[in-house]
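What follows is a short report on a single structure.
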């Protein structure tokens, strides 16, 4: 019954994630699913952490697995990670954060300016983090369209004019 519930859970997650990200998540899931039964269980996690040189105790591993409301199949794995990837900020909150730097209200910012802010303020992004963040970002003529970007990362697909 639990496995059936896991199969039904959050199938709309497939519509929310870009195809490339979904493929990367599938590869990650397959690497973790050591026994290839289509579900990640405590033994799969033990083997994965062992291969990384870590040995978390069963309590930690059980806590990780409890984030899923049922057995951890690929759909549930995607759902959990898409929630984590999308974070807790709403699309409007993110858009408003970018808008603070958009004095002329053009809905676009100079991409070099944004990169400079991210490299030198707050979390201090590395060059690799920067490349990954802006890999599929809507940038035209050096201008970063933050309205499209926030819609893209939050999965709404809505773009304001």
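Numbering starts at 1 and runs along the chain as it is shown here.
Cβ from N, Cα, C; glycine included.
Per Swiss-Prot, the features are as follows:
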BINDING   33, 35, 37, 44  Ca(2+) binding site
DOMAIN    20-55  domain 'EF-hand 1'
DOMAIN    89-124  domain 'EF-hand 2'
MOD_RES   1  blocked amino end (Ala)
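Shown on the structure are the features that Swiss-Prot records.
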{"residue": "33", "record": "Ca(2+) binding site", "Cβ contacts under 8 Å, 6 or more apart": "39, 40, 44"}
{"residue": "35", "record": "Ca(2+) binding site", "Cβ contacts under 8 Å, 6 or more apart": "43, 44"}
{"residue": "37", "record": "Ca(2+) binding site", "Cβ contacts under 8 Å, 6 or more apart": "none"}
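Excluding the listed site residues 33, 35, 37, 44, the same chain places 32, 34, 36, 38, 39, 40, 41, 43 with Cβ atoms within 8 Å of the centre of the Ca(2+) site Cβ atoms. For the domain 'EF-hand 1' (20-55), residue counts in helix, strand and coil come to 23 helix, 1 strand, 12 coil, using DSSP. Just so you know, the Cβ of residue 44 (Ca(2+) binding site) picks up 21 other Cβ atoms within 10 Å once every protein chain is counted.
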